[in-house]
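Novice: Take this structure, written in structure tokens, and hold onto it; I'll ask about it next.
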Amino acid sequence: MRVVKVKKTVVIIGGGAAGMSAASRVKRLKPEWDVKVFEATEWVSHAPCGIPYVVEGISPTEKLMHYPPEVFIKKRGIDLHLNAEVIEVDTGYVRVREKDGEKSYEWDYLVFANGASPQVPAIEGVDLKGVFTADLPPDAVAIREYMEKNRVEDVVIVGGGYIGLEMAEAFVAQGKRVTMIVRGERILRRSFDKEVTDIIEEKLKQHVNLRLQEIVLRIEGKDRVEKVVTDAGEYRADLVILATGIKPNIELARQLGVRIGETGAIWTNEKMQTSVENVYAAGDVAETKHVITGRRVWVPLAPPGNKMGYVAGSNIAGKEIHFPGVLGTTVTKFLDVEIGKTGLTETEALKEGYDIRTAFIKASTRPHYYPGGKEIWLKGVVDNETNRLLGVQAVGAEILPRIDAAAAMLMANFTTKDAFFTDLAYAPPFAPVWDPLVVLARVLKF
């Protein structure tokens with residue numbers, strides 16, 4: 001008996017990490033299916049995390065695409081539409097604005113992978129020449145072109161999150177005078193506890209005019225930006241970066257009646273299915289659950305975004321797989337000071353109602369007798385009732401292996417005893433015999 005293969009059409013809105021992961025996975029499992037991707041820009045499988053390094057000049061703009069469009073079209077058989085903006089979504093079809101007009105396309109399965117957009121403050125002057133966001137590859141192109149055509153000496157960055165910090169480094173590395181204006185009492189305050197951010201702030205203040213607890217009132221200039229005015233002063237500006245957060249692009253999902261979750265992003269289950277049959281969501285537009293708390297969270301980061309797309313594509317093609325959730329594992333740096341975390345901070349754990357204990361330690365990345373050792377600080381958060389490790393933060397040098405190991409521990413529900421007895425590698429050129437992460441577990445007690 002011959003098996004008849006039923007060809008399905010999968011439409012994916014968004015050609016970023018999640019969208020192309022979903023598209024590639026469907027084509028791998030169901031090569032005979034018609035997979036269409038509509039990307040509003042000319043950039044596909046792009047890496048927004050690389051924008052600061054293009055602005056700094058250490059990476060060419062074209063490298064922000066992981067694969068060129070031809071790879072997806074010719075090698076993977078994906079029907080990729082660039083500069084194609086989806087303007088309407090309804091049951092069974094989407095309407096798309098393309099270069100040659102508007103067209104409608106039918107779908108059997110639909111994936112929202114249309115990401116997030118910058119939250120631009122509603123103040124005067126944000127539309128002046130020389131004022132930018134740093135969200136997509138075209139932003140990197142525009143910033144570089146502006147710097148080449150105009151004299152830029154004074155840069156003002158509005159916002160003290162990851163993007164603000166990384167963009168500050170990009171301009172400091174080029175010898176620019178940088179002012180960072182932060183509304184809150186410290187940088188990265190939503191992601192890290194104070195004793196951790198204090199260390200990177202100390203480094204930041206050596207190179208940047210850091211203005212905390214100031215509110216930007218307006219941006220002024222005639223033909224182009226000239227200064228930024230806050231409730232505490234004025235700052236000369238030849239270029240301004242608005243790094244004041246992002247929001248999920250949920251407008252198209254609302255057209256279809258898709259449920260929006262409590263975080264403001266699209267609600268999804270473990271298969272990345274939305275509340276509407278045969279409709280999925282992945283990446284920065286979708287919310288998920290936190291591995292530790294089980295609560296709904298919106299964590300717009302590249303690694304989970306890619307995996308969400310993979311999971312969505314797998315389930316659409318009939319291979320069931322569940323997305324377990326996120327820990328919010330992150331890492332960044334300012335010059336030679338790195339900062340990262342995984343799991344819950346002390347602030348977050350207390351907010352969730354945990355009875356906790358914490359430890360904050362300073363260690364070296366090498367034995368005292370081996371050259372090249374650098375300082376590293378670690379903070380751990382533990383549930384008093386179960387001794388389960390809830391979160392780890394790190395700042396200083398060579399933090400990545402500690403944060404990654406801690407993330408694996410959290411995924412496996414490690415206690416402090418489990419962490420202490422983890423058989424980590426040791427040799428003097430790489431680490432001390434008592435690795436800082438093991439020392440942290442010992443100080444946290446078990």
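All positions are counted from 1 along the displayed chain.
Just so you know, glycine gets a Cβ as well, placed from its N, Cα and C.
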Novice: Looking at Swiss-Prot, ALA17, ALA18, GLU39, ALA40, HIS46, ALA47, PRO48, VAL86, ASP284, TYR426 are annotated for FAD. Which of ALA302, ALA405, ALA406, ALA407 sits in that same site?
Specialist: ALA302
Novice: Per Swiss-Prot, which of ASN150, ASN278, ASN306 sits in the CoA site along with ARG28, SER45, HIS46, ALA47, PRO48, CYS49, HIS66, TYR67, ARG76, LYS362, TRP434, ARG442?
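Specialist: So, going by the record in Swiss-Prot, that would be ASN306.
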Novice: Hey, what's the widest CA-to-CA gap across ALA17, ALA18, GLU39, ALA40, HIS46, ALA47, PRO48, VAL86, ASP284, ALA302, TYR426, the FAD contacts in the record, in Å?
Specialist: 53
Novice: Within 10 Å of the Cβ of ASP284 (FAD binding site), how many other Cβ atoms can you find? Include all protein chains, please.
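Specialist: There are 27 such Cβ atoms around ASP284 (FAD binding site).
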Novice: Could you state the CA-to-CA distance between ALA17 (FAD binding site) and HIS66 (CoA binding site) to the nearest Å?
Specialist: 9
Novice: For the CoA binding residues given in the record (ARG28, SER45, HIS46, ALA47, PRO48, CYS49, HIS66, TYR67, ARG76, ASN306, LYS362, TRP434, ARG442), what is the largest pairwise C-alpha separation in angstrom?
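Specialist: Taking every pair among ARG28, SER45, HIS46, ALA47, PRO48, CYS49, HIS66, TYR67, ARG76, ASN306, LYS362, TRP434, ARG442, the longest Cα gap is 50 Å.
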Novice: Quick one, of the recorded positions ALA17, CYS49, which Cβ has the fewest other Cβ within 10 Å?
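Specialist: Comparing Cβ neighbours within 10 Å for the recorded positions ALA17, CYS49, CYS49 has the fewest.
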Novice: Please report the distance from the Cα of HIS66 (CoA binding site) to the Cα of HIS46 (FAD binding site), rounded to the nearest angstrom.
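Specialist: Just about 6 Å between their Cα atoms.
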Novice: Test of understanding: give the count of other CB atoms lying within 10 angstroms of the CB of ARG76 (CoA binding site).
Specialist: 17
